[in-house]
Amino acid sequence: MHLVWFRNDLRTSDNSALYYACLKGPVTGIYFVTPGQWKNHQLAPIQADFIEQNLKVLAEELAALGIPLLIEEVADFSHIPARLKQIQKDHHINTIHANDEPEINEKERDQAVKKAGLPLVLYQCDCILQAGSVLTKQGGMYKVFTAFRNAWMKEVKQTDLTPLPKPADQMPSLNVSWSKNISVNYDKKSSQAWPAGETAALRRLRHFLLQDIEDYHHNRDIPSLDGTSGLSAYLKFGVISAKRCVYEVLAAFPDALDAQDSSVFSWINEIVWREFYRHLMIFNPQLCKGKNFNKLADNITWSNNPDDFKAWCEGRTGYGLVDAAMRQLNQTGWMHNRLRMVTASFLTKHLLIDWRWGEAYFREHLIDGDLASNNGGWQWAASTGCDAQPYFRIFNPIIQSQKFDPKGLFIRKYVKELNGFDNKKIHFPVNAIVEHKQARLNALDRYSVLKKG
Ligand SMILES: Cc1cc2nc3c(=O)[nH]c(=O)nc-3n(C[C@H](O)[C@H](O)[C@H](O)COP(=O)(O)OP(=O)(O)OC[C@H]3O[C@@H](n4cnc5c(N)ncnc54)[C@H](O)[C@@H]3O)c2cc1C
């Protein structure tokens, strides 16, 4: 019997571990619910629900292939080797197959499993090009995104992007009892705005390719529009693979990789950012522990005022766009990319609050909360990261508002008390907790420790 250990790869197609295990013999799937680990990793309640819903769909899809899915609960990763040992004994497991993950705790978990003498084989399908494989001529990690992207594109053009098919039907094993009534034991918040399953993800992707991708370049920065794919949660939990996404894009737009000015290229560019941050994590595992990428940033003195932080979290800063964004996050579990940049900049530069506070808050609330992308985004905005925003670039929340929400449509949706304000006035602060010009000067002063030399 072969065991396929599902983690953030909750799909049946383009799943290397599942596909190759099924070539070898009868297969059983397993998923570990780890409430203690999830708490520790700040898994959002909406993510717990999304996992549960996707496990239900996955279990049905696997059942149709003749593969049972076991759901096991352990407090945290440290209990997995012992539980796997028992399962190996009970079910005569020959090999455990799983897809590799880039984060430090996940890597340590897998090492502990191997150290316990369990036959774990790891496959690569989290990224299109294996995390850590796109290297400079000197064999190091690219520290500039554009250079990374150019090398990535060159490699991808020579790579077969055809996704692996679903495995063939298996002969069901009679001695494995199937998990019924899947329910994960964690605080949960409904994820129904993101219908679960690979088919739903593919539908979303295809809708985006048909309707939106050609306008992506123009619409992606306007939060009142539905101009982006909305695929991040599916990519986070591997309900769809990044390779499948790019494969489908290129099937519809075969020249996209060579059309750098096109909208389609700019969407693929975002998928490359995802890969960039995962590569970064392999080369700098300490990022997982909350370390600044730029060591000079260790010298920044943060103000860390708890009242300011609370006002930011609750969408009460007095700046309409910032407040609307935070309320969008609190109410829906998602935030538009432009607004993630605006709110992160506001927290770290206007309020001089440590980016780690904001990073944690995002993770506790986002449906797509992901260590690599969230850390990358926060360190970019806080100017502490790799190829980050220069420290002296400080978003002016009023100008951002005028530019990206000119008619205040997005602001009015979430900050009802500003409904009566006209299109001009709505961008200006009301009872703001900081004044922009002074905050900017304070930030320039505190951040001056990042000046080189
Ligand atoms: C401060 C901050 C925090 C962020 N935290 C996360 C996070 O926890 N999880 C997350 O998936 N993304 C994060 N992002 C990136 C980005 O905001 C989201 O991926 C995007 O808003 C998701 O919406 P979408 O799927 O419609 O994106 P689209 O615009 O349709 O992009 C397609 C896909 O590309 C990837 N992507 C897009 N932008 C980025 C980016 N800047 N970095 C890495 N990958 C990207 C995502 O997987 C996304 O689904 C963060 C960005 C910032 C500035």
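Cβ coordinates come from backbone N, Cα and C, glycine included.
What TrEMBL records for this protein:
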- 1-128: domain 'Photolyase/cryptochrome alpha/beta' (DOMAIN)
- TYR216, 228-232, TRP267, 270-277, 368-370: FAD binding site (BINDING)
- TRP302: site 'Electron transfer via tryptophanyl radical' (SITE)
- TRP355: site 'Electron transfer via tryptophanyl radical' (SITE)
- TRP378: site 'Electron transfer via tryptophanyl radical' (SITE)
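Proximity to ligand 1 (Cβ under 6 Å from any of its atoms) holds for these recorded positions out of GLY230, VAL272, TRP302, TRP378: GLY230, TRP378. When the C-alpha distances from VAL272 (FAD binding site) to the recorded sites TRP302, TRP355, TRP378 are tabulated, the minimum falls on TRP378. Of the candidate recorded positions, GLU275, TRP302, ASP368, the one lying closest to TRP355 (site 'Electron transfer via tryptophanyl radical') when CA atoms are compared is TRP302. Note on the domain 'Photolyase/cryptochrome alpha/beta' (1-128): DSSP counts are 62 helix, 26 strand, 40 coil.
Taking each of the recorded positions TYR216, TRP302 in turn and counting other Cβ atoms within 10 Å of its Cβ gives the largest count for TYR216. Mapped onto three states, the DSSP output places GLY230 (FAD binding site) in coil.
For TRP355 (site 'Electron transfer via tryptophanyl radical'), the number of other Cβ atoms no farther than 10 Å from its own Cβ, over all displayed protein chains, is 26. Under the three-state DSSP scheme, TRP302 (site 'Electron transfer via tryptophanyl radical') falls in the coil class. Here TRP378 (site 'Electron transfer via tryptophanyl radical') comes close to ALA344, THR348, TRP355, ARG356, GLY358, GLU359, PHE362, GLY385: these same-chain residues lie at least six apart in sequence, with C-beta atoms under 8 angstroms from its C-beta.
A sphere of 10 angstroms centred on the C-beta of GLU275 (FAD binding site) encloses 23 other C-beta atoms. In sequence order, ILE213, TYR216, SER229, VAL249 make up the list of same-chain residues 6 or more apart from TRP267 (FAD binding site) whose Cβ falls under 8 Å from its Cβ. If you take the Cα of ASP368 (FAD binding site) and the Cα of TRP302 (site 'Electron transfer via tryptophanyl radical'), they are about 27 angstrom apart, rounded to a whole number.
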